[in-house]
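Undergrad: Let me give you the structure first, and then I'll get to my questions.
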Amino acid sequence: MSTSARDRLIVGLDLPTVTEAEKIVSTLGEEVLFYKIGYQLAFAGGLDFARDLAASGKQVFLDMKLLDIDNTVAKGVENIVKMGVSMLTLHAYPKAMKSAVEAARGSNLCLLGVTVLTSMDEQDVIDAGYEYDPHSLVLRRAEQARAAGMGGIVCSAEEAAAVRKIIGGDMALVTPGIRPAGAEKGDQKRVMTPADALRAGSSHLVVGRPIVAAPDPLAASRAILAEMESALSR
């Protein structure tokens with residue numbers, strides 16, 4: 001796994017239009033190599049943009065959080081492989097993960113199991129009908145993802161150290177909810193700074209609003225990369 005901060009920082013293009021996303025990518029230039037595209041942008045022309053971004057040499061994390069019957073998940077993954085993106089999320093349900101792994105076999109697509117959304121706290125998990133607290137549910141799903149042959153896990157930085165012990169050193173551990181010191185949490189409930197997340201065992205950090213909504217996105221990305229480089233060099 002690369003030790004470069006630029007290979008580990010994923011900028012979340014949580015924007016309403018492709019035009020705005022293109023502007024951010026242009027502004028960040030060669031400073032940022034990896035971008036995340038989720039529902040908001042995907043359903044506004046972002047899937048074609050994802051193909052173009054991947055074709056241009058950038059890495060793309062397609063955050064679709066797939067979950068459906070086995071065959072539907074498999075067919076979806078087969079077509080996503082053709083897009084040339086680097087990462088894809090699906091909810092960490094055993095049958096869905098096994099189908100996705102088989103569909104992606106032989107490709108370079110890294111499949112990520114989503115454990116528990118970083119916007120959820122213990123009450124949210126209870127309200128959703130689970131008997132586990134968020135931490136226990138994350139660990140259970142991490143083990144299931146490892147057993148299914150997934151390429152990595154998505155979890156909050158709070159669980160990163162415990163998850164890393166379960167999945168070992170080879171799987172990716174992607175952490176959203178990253179906020180530089182002093183930044184607003186927004187709708188995230190389980191957050192951590194870039195340096196602390198890396199020290200906890202995260203391999204990739206997803207940063208959205210602190211960069212794309214910053215007065216100077218390029219300066220914001222450079223500050224976060226510097227913090228990451230400092231943490232990685234220790």
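Backbone N, Cα and C atoms are what each Cβ position is placed from, and that goes for glycine too.
Taken from Swiss-Prot, the feature active site, proton donor covers Lys65, and the record attributes it to sequence analysis. The substrate binding site annotation in Swiss-Prot covers Asp14, Lys36, 63-72, Thr118, Arg179, Gln188, 208-209.
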Undergrad: Are there residues of the same chain, six or more positions away from Asp14 (substrate binding site), whose CB falls under 8 angstroms from its CB, and which are they?
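TA: The answer is Lys36, Gly38, Gln40, Leu41, Gly208, Arg209, Val212.
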Undergrad: Between Lys65 (active site, proton donor) and Thr118 (substrate binding site), how many Å separate their Cα atoms?
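TA: With distance taken Cα to Cα, Thr118 (substrate binding site) is 13 Å from Lys65 (active site, proton donor).
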Undergrad: Counting across all protein chains shown, how many other Cβ atoms sit within 10 Å of the Cβ of Thr118 (substrate binding site)?
TA: 26
Undergrad: DSSP on Lys65 (active site, proton donor), three-state: which is it?
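TA: In three-state terms, Lys65 (active site, proton donor) counts as strand.
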